[in-house]
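*Asks:* What follows is a structure written as structure tokens; I'll ask about it next.
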Amino acid sequence: MGFFRKRYKKALLTKENQETQESVSLENTINQFRECSDLVHNALPELQVEYLYIENLVNEQKVKEYLVEPFDTIKFPDVSLILTEKRYKKTADSRSLYKGILNGEAAIFFKDEAYLVNLFGPETRPVNESGTETVITGPHESFNESAGQNISLLRRRIKSSHLKVYKVSVGKVTLTDVYLLYLENVANKDFVEKVKQRVESVETDGIFESTMLVQMIEENPYSFFPQFLTTERPDTASSKILEGKIVGITDGSPSAFIAPTSFFEFFNSPEDYYQRWAVATALRILRYSAFFITVFFTAFYVAVITFHYEMIPRTLLSTLLESRSRVPFPPLIEALVMEFTIELLREAGARLPTKIGQTIGIVGGIVIGQSAVQAGFTSNILIIAVAISAIASFVIPNYIMSASIRLVRFGLIILAGIWGNYGIILGIGLVLVHLSGMTNLGSSYLIPIAPISTADMKDILIRAPFSKLKTRPYQAQTRNPYRQKKK
Amino acid sequence: MNEKLHSFHLAILIYLIQTGVTLFVLPAELAQNFGTNGWVAVIIGAALVYINIFLIGAVYRLGRGKSFFAIIEDGMPPMLSYTLYLLLTVLWSLIGCITAKQYIMVYQIITFQHTPGSLLKLGYDVLIYTLVIKGIYNIAKASTFIFSITVFLALLFFYFITDIELARYTPFLFKDGDGLLIGIFKTYIAFLGFELSILFFPYINKESKFFTSLIIGNLITTVVYVYTCLIIFGVFGYEYLKELIFPLLDFLSIIRLPIIERLENLLYALFALKVLITSVMFYWAATESAKRIFRNKSDKTLSFILIAFSYFISLIPDSLEQVRNWLDFLTRWEIGVTLFLPVICIILILLRSKGRKHADGKNC
């Protein structure tokens, strides 16, 4: 098998080399793009000029300005004069010529020479409000699918020449541009190099989303948990750059990824910094409480009802018994069915248009809430437990983390059904062991708790007043740890 | 091996290795052996441990951070050192295993009378294995997290402040006890686990503040033991305590909150995480020791073999009484180890430095 794989790889490499070695000529280029109906081929025989471009990638105005008008008004000998202008780049490499055309450039053939001129400018989605990271106070802009637009949103916020933008092309077929942004005088050089190296080493045919790319560069690909924070908000991304972290922007993706990231960052919202510190701290505590409720509430219900009835106070016991008296299933099955139904409703609501999504919510609510109880299919108390868990899961600001946590919850419910409280604790232990072994760019995923960093606690577990947030996060291992003047 | 243990993690790790199921039986043992105000004996036990810690600190300083295994191998013939490693591997893996078994058996008494203990133990061993193979640095990280979860339990004890009666403390010290000597011995056992720190030398640096961290770690354990025993003596009184087997469990069962009561079950389950660190660290130490004998085997393989081997051994004791007897036997050996290892290391270091001086003198 190894022998055949080697031969296949060799054949591929040879083919690639042949493509590189191809001479730059109009015929070869047309042949390369044969059967591409969106390829525009124009010939100006009196000037001995022919040009090619892909009409869906270019801006009409630029075509007029850089192609039509200059060549319309001149005579043959002046063509070479025009082509000496800076925007026309001569190329002798067929691969860069094809790449240029695919990137929205026009290939101009004059005599035996080829030139590229950038006409890129397809229609993009305007800057809108973020659909997944909404805030009440603070900026409402969010990234869109244009990397250029996204970088401009960051550049407008960080007006510093230290903000570096490193470009990498990822995907052999898609040639997606990935931009790594960082503050040269703040970011840790090793981290920057690591991210560059990892993104450059991705070998795949294509990527379409930042969240897809990060799964190819993370250290624990089998983990349930996201290891890179992703955001659609330019204010979040800029604040992370200022913290000394690296932000990655993928062309075609409205999310930027941030490295390195700790587990606790997924529970922060940009609004924490726009609110008063006390309110923001209360919100953070609320979110961590929501996390505990999401993970444990249903599991704990199953454990108590199955094994530990003695833990229920007498006043509550009669209500519980009455509620469960008509249910024919064991608590574990009952809880799993309900959690599964809630997930069905959530998924259906997320995929359907808003108006129909609301109907699903109402139908689901009535059917599950009323009918299931009346039919003796489930108990009232479990519906409350499952509903509270579901609501709590949506309090977690990061959708990817919230989805991972919901998945972990299923495991805990099953363990609670098998071994009660002991099962839950075993489950927590397994998650904890897993989390403690996780790293992001080599730094711990559990910073600031493990390893301990008391300075960072002020901006992770609570949000201290700005006068107390003088240092950059320890995890960023920055060269310039102070973000405020030392007094 | 770039990562080093931070002093905070080191202190927490020491505390978590030391505490475990012992906390649940310690007040009763203190009452039985010391009688009135038996909680004071915790301080005596802690003082004895400090002597031992000084010895380990001396090994670190005299050996200039040289690893325990390197000291032994430099000064002992291979056969002797291999025999020592084999003994340590068996002893430490059995202590790790029986500690976990004791926890499981107590839990079985509370809740799962009809579930096979071997099955519960198997689940626990899977957890132990996943953590052991992560290495000391990740074990320390996990222990910091576990500490932050369990430290809040101490706050629960404030629930009992109003139940404390000063008269229960009595004005007498160590009256009506069964035996001071056996009591001190048992109290000392409650602190065991710190001796594993002799294996930490390659994982620490100057910033780890090894000696200070050991002292702080043992201090945390002492404070937790004193605090718990003091309150339990104040609530139950020493006479009633003598009748109890797991006073802390009875103590926690009194807690009643508006939506939940009989918290002892949940809180004891939470103790699984504390016991986890104790077991994991003993298995880790056993693996480190076994690694010196079977050098071509990976850590994962050795840990697996040790955990699997000791799991089958743990099936032999089938009652809590037998488990306690096993633990008594193993901890007696462990006390010997806690004294023997630092002393032998110091002797070997001194002999070697003397030999070197002698050789240098000859060369001159």
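Note that the numbers count up from 1, one per residue, in the order the chain is shown.
Each Cβ is built from the backbone N, Cα and C atoms, and glycine gets one as well.
Pulled these features from TrEMBL for this protein:
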- B:6-26: transmembrane segment (TRANSMEM)
- B:38-60: transmembrane segment (TRANSMEM)
- B:80-98: transmembrane segment (TRANSMEM)
- B:119-139: transmembrane segment (TRANSMEM)
- B:145-167: transmembrane segment (TRANSMEM)
- B:179-204: transmembrane segment (TRANSMEM)
- B:210-237: transmembrane segment (TRANSMEM)
- B:266-286: transmembrane segment (TRANSMEM)
- B:298-317: transmembrane segment (TRANSMEM)
- B:329-351: transmembrane segment (TRANSMEM)
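Give me the local environment of each listed feature.
*Replies:* The list of residues near the transmembrane segment (B:6-26) in space but at least 6 beyond its ends in sequence, with Cβ under 8 angstroms from a Cβ of it, reads 42, 99, 102-103, 106, 139-141, 143-144, 146-147, 187, 189-194, 196-197, 200, 204, 207-210, 212-214, 216-218, 220-221, 224-225, 228-229, 245-249, 268, 271, 274-275, 277-278, 281-282.
Within the chain, the transmembrane segment (B:80-98) has long-range Cβ neighbours (under 8 A, six or more residues past its boundaries) at 69, 72-73, 128, 196, 278-283, 285-286, 289-290, 292-293, 306-307, 309-311, 313-314, 317, 323, 326-327, 330-331, 333-334, 337.
With a cut-off of 8 Å between Cβ atoms, the residues of this chain six or more beyond the transmembrane segment (B:145-167) that come close are 12, 15-16, 224, 227-228, 231, 234-235, 237, 251-252, 254-255, 263, 267, 270-271, 273-274, 276-277.
Note on the transmembrane segment (B:179-204): residues 1, 3-5, 10, 14, 17-18, 22, 26, 29-30, 32-34, 38, 41-42, 44-46, 48-49, 52-53, 56, 59-60, 63, 65-68, 92, 136-137, 210, 214, 217-218, 221, 225, 278, 281-282, 284-285, 288, 331, 334-335, 337-338, 341-342, 345 of its chain, located 6 or more positions outside it, place their CB under 8 angstroms from a CB of the stretch.
Only residues 6 or more beyond the boundaries of the transmembrane segment (B:210-237), in the same chain, are considered here, and those with a CB under 8 A from a CB of the stretch are 7-8, 10-15, 18-19, 23, 26-27, 30-31, 37-39, 42-43, 46, 49-50, 53, 56-57, 60-61, 154, 157, 160-161, 163-166, 168-169, 190-191, 194, 197, 200-201, 204, 244, 247-248, 250-251.
Residues 89, 93-94, 96-98, 100-101, 118, 121-122, 125, 128-129, 132-133, 135, 283-284, 286-287, 290-291, 323, 325-326 of the same chain lie 6 or more positions beyond the ends of the transmembrane segment (B:298-317) yet place their CB under 8 Å from a CB of it.
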*Asks:* Restricting to the same chain and to residues at least six past its boundaries, which positions have a Cβ under 8 Å from a Cβ of the transmembrane segment (B:38-60)?
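*Replies:* Sequence-distant neighbours of the transmembrane segment (B:38-60): 26-27, 30-31, 68, 71, 173-174, 177, 183-184, 187-188, 190-191, 194-195, 197-198, 201, 210-211, 214-215, 218-219, 221-222, 225-226, 229-230, 233, 238, 241, 338-339, 342-343, 345-346, 349.
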*Asks:* Given a Cβ distance threshold of under 8 angstroms, which distant residues of the chain, six or more beyond its ends, lie next to the transmembrane segment (B:329-351)?
*Replies:* 52, 55-56, 58-59, 62-63, 68, 71-72, 74-76, 88, 91, 94-95, 98, 185, 188-189, 192, 194-195, 198
*Asks:* Cβ under 8 Å, sequence separation of at least 6 from the ends of the transmembrane segment (B:266-286): give me the contacting residues as numbers and ranges.
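*Replies:* Same-chain contacts beyond the flanks: 13, 16-21, 23-24, 88-93, 95-97, 99-100, 103, 106-107, 110, 124, 127-128, 131-132, 136, 139, 142-143, 146, 149-150, 153, 156, 193, 196, 199, 249, 252, 260, 303, 306-307.
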